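Chemist: Take this structure, written in structure tokens, and hold onto it; I'll ask about it next.
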Amino acid sequence: MKILLANPRGFCAGVNMAIECLDECIKAFGPDIFVYHEIVHNRYVVDRFTQQGVTFVDDIESVPRGAILLYSAHGVSPEIRDKARQRDLRTIDATCPLVTKVHLEAVKYAKAQYNIILIGHEGHDEVIGTMGEAPESITLIETPEEVQELPFTDEDKIVYLTQTTLSVEEAGVVIQALKEKFPSIESPPKEDICYATTNRQHAVRQLVEQVDLVIVLGSQNSSNSRRLMEIGLAEGTAAHLIDGKAELRAEWFEGVETVLITAGASAPEVVVQDCLNYLVDNYGAEVEEITTREESVTFQLPKELRTLQSMT
Ligand code: SF4
């Protein structure tokens with residue numbers, strides 16, 4: 001059996017920054033730290049921090065007054081920031097700068113009296129945070145069918161924004177429907193779907209025709225990981241999204257000659273290597289890494305972290 005190992009895969013700059021930020025917090029202040037929502041959507045990562053003593057919360061009221069609270073890579077709404085201030089929490093913002101960019105666009109267009117169409121998945125942490133920036137001005141849609149139900153005319157000021165981790169192709173279909181219905185609709189100044197999402201999807205699209213099976217390392221609640229699996233399925237190739245090697249099933253490999261392995265932006269390399277080692281040991285698999293795009297993006301740790309560190 002042959003394995004094509006996609007590159008780029010796994011951690012993006014935003015996830016790296018958020019995880020390093022939490023590691024640095026633990027070093028500086030000990031593990032008695034709270035994180036609003038999962039730091040990133042990956043079970044392995046969340047379990048590691050939970051075992052170290054970090055507490056993940058879904059409501060600010062459960063955080064003790066004065067405690068240290070990190071905002072996850074997916075960002076939060078102004079309402080959450082207000083609640084944290086009211087509880088005198090010492091907050092550190094590990095929101096990915098590319099998510100913050102979408103928040104700032106929402107604020108800017110709302111101030112300029114635009115109707116903002118946000119393309120994204122209802123209930124996703126990032127979408128909740130972005131909508132919270134301008135709830136009166138934002139309408140969330142997910143499909144081209146929903147475009148037809150929008151209550152605007154082409155005379156209205158309209159702009160569209162997108163969640164950062166959408167399928168490039170599926171978002172493109174919704175954007176096309178928007179442009180057909182509202183020819184004057186404005187686009188975000190720079191693409192909202194982030195470089196990491198785009199590059200990981202591009203790698204799968206480039207390689208999927210050569211394989212019989214796609215394995216994506218990532219958690220079920222990771223939006224960008226799910227999109228990678230869906231690209232395989234859309235091409236008629238069997239595809240599975242798994243957290244780690246324990247979920248591999250022998251029947252998936254029956255009659256399979258070539259497997260594509262990739263990982264979502266929140267999945268650590270250790271789970272990829274565990275899978276590879278398992279497949280090499282049990283199937284004598286040969287691994288070939290194929291680079292479809294180079295990445296060199298990095299993000300700085302949040303300034304609040306340095307401020308708090310200097311006060312200890
Ligand atoms: S997937 Fe993109 S937007 Fe999300 S954390 Fe990574 S770089 Fe940032």
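Here the Cβ of each residue, glycine as well, is placed from N, Cα and C on the backbone.
Nobody curates TrEMBL annotations by hand; they come from automatic prediction.
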Chemist: Say TrEMBL lists CYS12, CYS96 as binding [4Fe-4S] cluster: which of CYS25, CYS194 is in the same site, per that record?
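Modeler: Of CYS25, CYS194, CYS194 joins CYS12, CYS96 in the [4Fe-4S] cluster site that TrEMBL records.
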Chemist: Greatest CA-CA distance (Å) over the residues HIS41, HIS74, HIS124, SER222, SER223, ASN224, SER266 that the record ties to dimethylallyl diphosphate?
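Modeler: Farthest-apart Cα atoms in HIS41, HIS74, HIS124, SER222, SER223, ASN224, SER266 are separated by 15 Å.
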Chemist: For CYS194 ([4Fe-4S] cluster binding site), find which of the binding-site residues HIS41, HIS74, HIS124, THR164, SER222, SER223 come within 10 Å, Cα to Cα.
Modeler: THR164
Chemist: Pop the Cα-Cα gap between GLU126 (active site, proton donor) and SER266 ((2E)-4-hydroxy-3-methylbut-2-enyl diphosphate binding site) into the table, whole Å please.
Modeler: 14
Chemist: Using a 10 Å radius around each Cβ and counting other Cβ atoms from all shown chains, which of the binding-site residues THR164, SER222, SER223, ASN224, SER266 yields the largest count?
Modeler: SER266
Chemist: Please go through the recorded positions CYS96, GLU126, THR164, CYS194 one by one and keep those whose C-beta falls under 6 A from any atom of ligand 1; give the result in sequence order.
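Modeler: Cβ under 6 Å from ligand 1: CYS96, THR164, CYS194.
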Chemist: At the level of the C-alpha atoms, what whole-angstrom distance separates ASN224 ((2E)-4-hydroxy-3-methylbut-2-enyl diphosphate binding site) and CYS12 ([4Fe-4S] cluster binding site)?
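Modeler: Their Cα atoms are separated by 11 Å.
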Chemist: For the C-alpha pair, I'd like the distance in angstrom between SER223 ((2E)-4-hydroxy-3-methylbut-2-enyl diphosphate binding site) and GLU126 (active site, proton donor), rounded off.
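Modeler: For SER223 ((2E)-4-hydroxy-3-methylbut-2-enyl diphosphate binding site) versus GLU126 (active site, proton donor), the Cα atoms are 10 Å apart.
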